[in-house]
Each structure stands twice: as structure tokens, then as C-alpha cells.
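Notes follow the structure.
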Amino acid sequence: MPRAPAPLYACLLGLCALLPRLAGLNICTSGSATSCEECLLIHPKCAWCSKEDFGSPRSITSRCDLRANLVKNGCGGEIESPASSFHVLRSLPLSSKGSGSAGWDVIQMTPQEIAVNLRPGDKTTFQLQVRQVEDYPVDLYYLMDLSLSMKDDLDNIRSLGTKLAEEMRKLTSNFRLGFGSFVDKDISPFSYTAPRYQTNPCIGYKLFPNCVPSFGFRHLLPLTDRVDSFNEEVRKQRVSRNRDAPEGGFDAVLQAAVCKEKIGWRKDALHLLVFTTDDVPHIALDGKLGGLVQPHDGQCHLNEANEYTASNQMDYPSLALLGEKLAENNINLIFAVTKNHYMLYKNFTALIPGTTVEILDGDSKNIIQLIINAYNSIRSKVELSVWDQPEDLNLFFTATCQDGVSYPGQRKCEGLKIGDTASFEVSLEARSCPSRHTEHVFALRPVGFRDSLEVGVTYNCTCGCSVGLEPNSARCNGSGTYVCGLCECSPGYLGTRCECQDGENQSVYQNLCREAEGKPLCSGRGDCSCNQCSCFESEFGKIYGPFCECDNFSCARNKGVLCSGHGECHCGECKCHAGYIGDNCNCSTDISTCRGRDGQICSERGHCLCGQCQCTEPGAFGEMCEKCPTCPDACSTKRDCVECLLLHSGKPDNQTCHSLCRDEVITWVDTIVKDDQEAVLCFYKTAKDCVMMFTYVELPSGKSNLTVLREPECGNTPNAMTILLAVVGSILLVGLALLAIWKLLVTIHDRREFAKFQSERSRARYEMASNPLYRKPISTHTVDFTFNKFNKSYNGTVD
């Protein structure tokens, strides 16, 4: 079932805020209206009685009351209470299929013309339907960046026309293709302007020394069904070189949009403008760097040679001008950009209606699939845009998409299939009355469509009884005009029947000019004359009422603005316009400002109060309560659904799974695209140590597109002993390696030390000397004596 508690809660808050003001208060009589026209402006429920003898002669305001009260008090058929209405002037039925021919009148939106008559404050509601018909003609203009960095891309698209036409003719029988190219403005600092670079800006560039002179934009091939012409034109092209990184592509986009005759856009065809580049664009005010101070005029400036002649004369176009001209000519812009610039161009899509962005491979090999994806994305959604909306008109939208659920405050449907019909309920309300006999015309147009609904608005701000006015009527004593049951007295006359002249002494009846005993005459803001108050004029506004007790300038203000500019001041109290509440009408009941891109109100973590999210989930914060570190994330929430489906073999009709997956649109796949920029990737570990992956995309309807793997990814479980041996072996190997390294280092060190020792030893030189402390082991002593034995003598040494 759809998620609606947040908007419902916001509406209940608005009603609760209004109840204290409405209880016991008759907004019609409290407004002190003194004419039929003033009465009708107070509130759409107020009515005026034009019966001559109705009510108290002194109480003019009693004529302005609720219709039921007027009837109860005796005013029968003379009640003025017009209501808003509309009348369908032209309503051709929706086509079911295009003929594939531009000559066929294909209707994708109905009705086509409506006349609306509005009473201020009174809403009127009508329905319109939009359908993307089958086999609708397609015009595709390929706009390519031919700066030097795109050379490999140019080489890869030389046969693009044939392949692209084959794929597109599977979607439509009437397809035409055109081609244009751009670089940048041929002035400094955007391009090389030195004389040596005039004919070849690539001089001195080693990788690619030859290229053509720089240029702004060239329209090379008008839209044609001859794909050979496209291929031939692409083969002729050569790249150029500019000086700075940004390119002048937005100049080219604008010219391709506004030069309708040159490009050849057909009236009855889907217009696709494919913009391919690998860098960021120049935008408005960048041209001042080159001395270009004239803003872009939004006009076509292609000469007979189909070259952009104002490139060096005007600044780059702004995003606002670009969006206006693309919408004006029903052109869907497709940004085909490299991945590193994806987010920049993604932000551009939020500022330029009808724009999509796709990631282009570095060599443009995926360009055909990219275009097909963008085409399917464009054809799967319908978004209403408003053209020339009058300032005093409020519009409210409610979308009913393919699921049959109504989404208040939304004017876009996504996820449509070709042939689906999207319905929109449009409510109009006038806030005030413009000058008399004013008629406004505005248009409702689906973005990128030729079809539109023209709405003519007239304002019901006069009373029917005003037609029968009686100048100098006898009912007014010949001194005033009788109109709608009252006398409008001529200057100098007063009284309900103009029976008194201004200045007559009526002091005896002065108490009739006091609101209560003891209070000042006419509340101190008027003179009592002819038994009634004549209120003073004030520079701040109007003073009125039977006792001059009311004014239209003493109400609450917000930032110095009376009733915040969203209401009317009546007798000291703000009467808020539809869509606003509060004492000073500063609180908007519009919940669209609280709706995120996924269609959820305050991320379902709070309620919308006065156009701002009030976060109620503990820990939630942010403009849309989108940040919540302590909240269960969407992956955890959707995991229950996925696990239930796995348990029950993917059958969502199981009662438990149906409850858990009631807001999910399930798609089973064999492989998950992990780099999808639009989807959120979730994964978790199962009980069997497998990894289960899924992605989800939140839809504006409150549901989610859930893409789930058919089977969890499970690897082969390794043997425990294998793991143990591997770990032990690794430790031993690391230890042995460390020991070997240590031994090697020690050996190297020892060898160096030994070599050093040997070197020093070889260089050493010593003298021969004896150690004085050294004694030889053999000593010789000489004894001088004579030995006589046996009459022999001996004279020698003894050892």
C-alpha cells in the first residue's frame, strides 16, 4: 500500500491550526464588507444579499454572510455568490500509436484547450491525461566535442550512423540523424591565438602535431534518414585544440536548439540532442575573461556556411537561458560525459528540465547503448511544466501514475511503459482580482512534448446585481446611486438612504456612533455625522466598520510584510490565502518542499510543517531528515524481504514475504551491476558464509525497485588442516628467510672486517729488535779456573 502518513499528518496539522480560528467566527461578517464586490473577496463561502429591505438599516455588513444564514434571515432569490467553473473547449482523444510519419496528427495530451472562470479563493479542478504513444518519430542530433582529447572517440564513431540507426529502428519506424561539432571560442584565453597557431594549433605537440584551426560551433549535417551521409560526414572530421580545459559546448547546444530550420527539427517528432564531451563546459560570465561582456541573446547566429558567427561577440549562455530554449523547442538534452565529470552534469539535470546524463566510456565505444538507455529513460516518464503562469494564480497538482495511486503535490510520473497513460488533477485558485476585464492565458506542457493544454483564465470579481444600478435613484433620495440593495451617496451626502448632508448637527444621536457606552465616538478614527461614522482616511490603508473599529493594516507582520504577503488583513486579523495558515500567514501547507527525489516526505522520519521538515525519528536530521546515523538503514530494512524470498524460493505471494515486501518491486538477476550510479548496493553474509547482494532504487511512488541475485555468491570452503599447515609453513619460511638474511649480513660484515685487517697488515713495516725482558732458554757462562786432577790441567767452560 502507498506511503501516505506523512502528508496526511501534515494536512491534519494544518486543519488543527485552523480550527481555533474558525470556531465561533463568521469570517464573512467579521470582514465588515461595505459592497458586494468586497464581500466576494473575503472568502469563497461568503454571499451578498441584494434585497432592498433586508437586514437592519444601520448594519450594512449583515448583507455579507454565509449563504445559509442569508436564506435563514429572509433573503431568498437575490443572493450573489458566484462560483469558479471551467469549460472544455477542445478535447481530441489520445492516440494509441504513432504512424511513424511526421504528417500524422498524433495526440499525446488531452484536453487541448480549457476556459476557466475563477472567483478569488474558490478552487476549480480539472483532469488531463498524457500518453507516450508507440512508434513516435525520433529526430536525433549528435553534437560532438572535437577538441584534441576526443580524437580516439572520433575514430570509434566513424560507423556510428549505421549501427545507431539499426538499433533505433527497433524502437521507431521513422528515425532521422544529424551531426554537429564544437571546440571553443577562438579568442584568448580560450584558444591559441598567436600567429604560428592560426592554421595549426597543434604545432609543437609531439603526440599529435597536426590539427585544424579552433572553432566555436559547426552545423555539419541537417537531420536526415540517410545514415550513409552521417557516416561520410563523420569521416571528414578532424580534431582541433583549445587552450583551457573547459569547452564551449553550451554555445553549440543553444544554437542546435534555436536554429530549427537549419537543423531540421520536425514539429511532430521526439527531439533528442546528444551532447558528448570529456570535460566541463564554460557557462555565463566566463566570456568576460576574453572581454565578452554582452550576454547571449538566445537567437540563432548560423551563417550560410552553417558556422556560429557570434562566438567571439557574445558571452556563453546561462543555464537558465539554455533550459528556456530547450523547453521552448521541446528538446531533450542527453549529456554523454566521462565518469569523472558525471556528478557535475548530474547537477545540471536538476536545473535544466528534460535533461538526462549517461556515463560515456573514454573512447565512446558504449555510445549506442548509452543513447538507447537515455531514450528509454526519457520515454518512461512524464513531467508537467507551466508556461506563463499568472502571478496571482495558485496551481496544485495531483498525479495518478500507472499504479493507480494518487500523489498530491506531484506533477511527474516515472517508470511508465510506452502506451501507459498518466493522469493529472489540476486545481486552480485566484488569490485576488486583477484589473477589470483582464484575461490571462497560460499553458501546461509535458517536458519534451509538442502537445500542450492552453488555459484561458477570466476572473469573476463583479456581482450580477451591479448591472442594474440606478443613478440618482429615488430610493436614495435622489442623492445617490442604488446598487445591490445599497445607496452609494453622492459627495456631501450621508446615510443609508443618503438622507443627510455632511456637517449637519446630529449631536443628540451621537451615542449611535459609539461601539459601547464609554467608548470614543467612531473609535476615535472618524467623525459622527447623520447618526453614522464617517471614517478618516489613513496613509497606511483603509479604516472601516460601523464604528470605524476596523482597518486593513493592523494585522501581524512577518519580516515587515503584512500577513507575510500571503493573506488579506481584515479588521486586525489575517485572512490567509489558500495554502497558508498561521496568525501572519507565514506557514505554507504545501508539502512539495518536503518531498525528496525518491518521493518520500521527510524521508519518512518526520512530518512537514510550514513547508519544512520537522524530524521526529530520534537521531534524524538534515533538510529532509535524510541523515540518521542511529536509524536502521534501508539495506537492513530490505534485507528481511530478501531473506524471506530466498527462504521461500523467491515467491512473494507467501503471506510473510508479501508483508515484508509490500513496497518492493522485485527483479531477479544472475549478476549485480555494482557501479550503477542510480542504485544503492547492499550486501550481507548469510548463515552459510555466503555473500548475498542486491541493489535498490527508491521510486517517487514510495516503492522501491529491488534487484536481487538469484543465488548468494559462495566460495569453496578451504580445509582447516590446509589452513593450519599453510600458516605454520608461512611462519617457518618467514623465520628461515630472516635467519638467512641475518647470516648473509653477518658474513658480509665479517668479510669486510677481515679484508680491512689484511689490508692494514700488509701495509705495516717493523724494525728488528730484541725484547729486553726476553731471555734465551740456553745460557753460556765462562769460568776462569784451573782443574788439576791426575796431574792434568783444564781450562774451559762449563755448560
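Cβ from N, Cα, C; glycine included.
Here Swiss-Prot has Ser149, Asp152, Asp153 binding Ca(2+) 1, and the candidate from Gly354, Gly362, Gly404 in that same listed site is Gly362. Of the cysteines listed (Cys476, Cys500), Swiss-Prot assigns Cys476 as the disulfide partner of Cys487. Among the candidates Glu38, Glu52, Glu247, the residue that Swiss-Prot annotates alongside Ser147, Ser149 as binding Mg(2+) is Glu247. Among the candidates Asn505, Asn795, the residue that Swiss-Prot annotates as N-linked glycosylation site is Asn505. Rounded to a whole number, the distance between the Cα atoms of Asn242 (Ca(2+) 2 binding site) and Ser147 (Mg(2+) binding site) is 7 Å.
For the domain 'I-EGF 2' (500-549), DSSP puts the residue distribution at 11 helix, 14 strand, 25 coil.
Taking the mean position of the Cβ atoms of Ser147, Ser149, Glu247 as the Mg(2+) site, the remaining residues of that chain whose Cβ falls within 8 Å of it are Asp145, Leu146, Leu148, Met150, Val183, Asp184, Asn242, Ala245, Thr277, Asp278, Asp279.
Taking the mean position of the Cβ atoms of Asp184, Asn242, Asp244, Pro246, Glu247 as the Ca(2+) 2 site, the remaining same-chain residues with a Cβ inside 8 Å of that point are Ser147, Val183, Phe190, Ser191, Arg243, Ala245, Gly248, Asp279, His282.
Recorded residues Cys594 (disulfide bond) and Pro246 (Ca(2+) 2 binding site) have their alpha carbons 36 Å apart, per Cα-Cα distance. Cα distances from Cys49 (disulfide bond) to the recorded positions Pro246, Cys259, Asn586, Cys608, Cys657 are smallest for Asn586.
In this model, the domain 'I-EGF 2' (500-549) carries an average pLDDT of 76.
Comparing C-alpha positions, Asn460 (N-linked glycosylation site) sits nearest to Cys46 among the recorded positions Cys46, Cys413, Asn477, Cys635.
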